[in-house]
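**Q** Let me give you the structure first, and then I'll get to my questions.
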Amino acid sequence: MQTVRKRQGKDLHLKSAPGVSKENVPQKKMQRFHFDLWLCLTVQNWILDFGRPIVMIILPLEWFPLNKPSAGDYFHMAYNVITPFLMLKLIERSPRVLSRTAVYLCIITFVMGASIHLVGDSINHRLILSGYQLHLSVRENPIIKDLKPASLIDSFELLYYYDEHLGHLMWYIPFFIILFIYFTGCFSSGEEQKKVPLAGWLLLGPSALYYWYLVTEGQITELFLLTFVAMVAMVIFQHHKGLGPDSNGLFLFYSFGVTVFLVALWVAYLWNDPVLRNKYPGLIYVPEPWSYYTLHIKKSH
């Protein structure tokens, strides 16, 4: 009887061992499809980022004087707070323990870069209302090239650098690093976890279309392609270990894949446009949608 009790005690001890329970329960919990976070990210991206310049065009100018923040600026402020919060929540749900130092540095840099862009983009929009043409360079714009003294042109070029180069790099590099870090933890051996639910397929189109806008308008094609290639390499590496992307990993991977296709269609459509070709020289030619708007759509209205 004593021997039986000892064996039962050992079995109960093994079943209640903290290492076993912590390893199994959270993993199943963390690997479900995060519909709430993906939905929030997609909706706020469309409203606060893509919708930002649209609301500035639609709302009457007298509501937001040129010397005050516009409605789009308030959208940008909300984006700078909500997006890093949602990305932190996404990282928290990763089934794998990720480097907190790397994540914190990325979030801090992201907020700083997006804030730099907020200021530059706010002034840039006011220039558009005054006749600035996005498909032309700073010095070629009619409202800029006749400024006196001429040193003011250098100041506007510095503003353009902060807005379109430094701000974008500090904004988008940590953004894609965080998504890739999250993606590295989205691998599983369970076949039932490697399926995108219906809700994910419904979000796939809007998510990919937003990333198309982000890549083209942000002029970050090289960064995006590098991230996508790194994701493909990670999938191949994990496949050799018998692992595959779970539902969240597949959603992110498919979104990026469709984005590559949309960017290719956009480039093919504008391949022979001489004005945009002149504005975007170099090996990789990807015009900005708002440059296309000021060149072809705004002129016709």
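Placed from the backbone N, Cα and C atoms, the Cβ positions cover glycine too.
What TrEMBL lists as transmembrane segment is 37-59, 74-91, 103-120, 169-189, 196-214, 220-237, 249-271.
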**Q** If we call contact 3 or more Cβ pairs under 8 Å (sequence gap 6 or more), are the transmembrane segment (37-59) and the transmembrane segment (196-214) touching?
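**A** Contact between the transmembrane segment (196-214) and the transmembrane segment (37-59): present, because at least 3 Cβ pairs are under 8 Å.
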**Q** Below 8 angstroms Cβ to Cβ, which residues of this chain, lying six or more residues outside the transmembrane segment (196-214), approach it?
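**A** For the transmembrane segment (196-214), the nonlocal Cβ contacts are 33, 35, 38-39, 41-42, 45-46, 49-50, 172, 220, 224, 247, 250-251, 254-259, 262-263, 266, 289.
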